[in-house]
Amino acid sequence: MKMQLKYLYQTIYSLHDPIHVERFQKTFGLEIIHDQQNDEPRTNHLSSISSSLSKKYRIRNYLWYYLFSFGARLGYEVFYALSFSYLYWNLDSFICRQLMLIWAILMYTGQALKDVIRIPRPNGPNIVILEPEYSFEYGMPSTHAMLAAMIPLTLYSLLSNRYQISSSPLLFIFCSICWCSLICCSRLYLGMHSVLDILVGLSLTCILLAFILPMLSVLDYFLIRNSLSPLIIIVVLLISSLLYPVSNKQSPSRGDTISIISASGGVYIGSWLNYQLSIIRDSSHLNELYPILLPSLYDIPVIVGRFAIGLCSLFILRSLGKSFAQHAIRYFTGLKDLNNEQTKHRTIVEIPMKMIPFIMVGLAISFFGPLMARLTCMERHSMRFEA
């Protein structure tokens with residue numbers, strides 16, 4: 001039994017070997033150009049990373065380079081901010097806010113585990129690192145892989161319980177596999193994760209979704225209708241931010257995580273406001289599945305205009321939130337230079353600097369964006385029944 005467990009451990013740990021990343025990069029036309037500087041000895045992990053960032057490399061196939069670079073962008077916050085905004089304003093706010101709730105829970109769990117487990121990203125003499133700004137963060141689990149699995153699985157669960165889906169599930173499965181494969185393979189190509197990082201991320205997502213999805217409707221119902229919901233959300237955000245594991249090195253992981261959970265919290269505060277003001281209400285056909293309706297040619301300019309106005313309100317509110325946070329921090333702490341590397345990672349600075357602007361982003365998505373659409377006669381009327 002001991003031999004079997006030892007063999008299993010060795011097999012699993014071998015998946016963290018950077019040789020797999022090196023082979024993947026070479027297979028798809030990305031390789032190191034060796035010279036005397038690249039062959040210098042390395043003394044520790046940090047100096048090894050610094051050397052890796054200065055390596056010269058050759059791209060033999062730009063098709064794969066651009067494809068995997070695009071795949072990597074599908075896992076970052078900017079893509080999800082735009083996607084969730086579009087989904088909320090133009091498609092279905094009910095599905096959007098539940099998707100964002102799961103997004104926040106999974107990202108917090110994944111990012112926190114990185115700083116608890118503290119397994120570094122793959123590094124080796126022949127590995128190219130194409131995203132140096134993230135190279136000093138830890139790698140396991142891969143949050144890109146977690147999102148790659150979460151989005152299609154959650155979307156299918158939510159859509160099938162809300163809409164009449166006439167197409168074959170095989171098409172959805174095929175698209176999901178392509179989506180997930182592109183994002184996961186991009187992490188290997190860019191040298192940011194090992195095979196084990198990705199597999200752990202995918203497995204963790206499946207485990208978490210098995211617990212979260214059955215409770216999702218109850219959580220959503222409570223957060224929209226409870227009179228104390230905004231206070232509860234703010235308290236949970238503060239406690240989650242304060243309890244986030246302390247990293248042993250400076251990295252943007254805590255700040256990024258606070259931004260994500262704050263945006264999700266802001267969306268629920270805005271949705272709560274909509275419900276309390278009777279802007280949205282329960283549908284009269286609670287147990288019926290809705291048909292999927294495609295937009296007409298007349299709808300397209302309205303959709304584009306609604307999205308543009310919403311983005312304007314989003315950027316304005318984010319700027320106002322950031323300015324307010326900066327003035328408040330300077331007033332209460334006496335600190336002047338908030339852009340200093342040592343200062344901006346202090347708890348008293350980082351939490352409000354991330355939380356306040358991104359709560360405003362969430363409010364822009366769920367409350368002020370739709371408000372501007374109503375004022376400009378570009379409201380999506382079906383949103384009124386998406387409580």
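Keep in mind that glycine also has a Cβ here, set from the backbone N, Cα and C atoms.
Taken from TrEMBL, the feature transmembrane segment applies to 63-88, 171-190, 195-216, 228-246, 258-277, 297-317, 355-373. The domain 'Phosphatidic acid phosphatase type 2/haloperoxidase' annotation in TrEMBL covers 97-213.
Long-range Cβ contacts of the transmembrane segment (63-88) within its own chain (Cβ-Cβ under 8 Å, at least 6 residues beyond either end) map to 28-30, 95-97, 99-100, 103, 130-131, 143-144, 147-148, 179, 182-183, 185-187, 189-190, 192, 256, 259-260, 263, 267, 307, 310-311, 314, 361, 365-366, 369-370. Per-class residue totals from DSSP over the domain 'Phosphatidic acid phosphatase type 2/haloperoxidase' (97-213), listed helix then strand then coil: 82 helix, 4 strand, 31 coil.
If you look at the transmembrane segment (355-373), the same-chain residues 6 or more away from its ends with a CB under 8 A from one of its CBs are 81, 84-85, 88-89, 93, 97, 237-238, 241, 258-260, 262-271, 273-274, 279, 306, 309-310, 312-314, 316-322, 324-325, 328, 379-380, 383.
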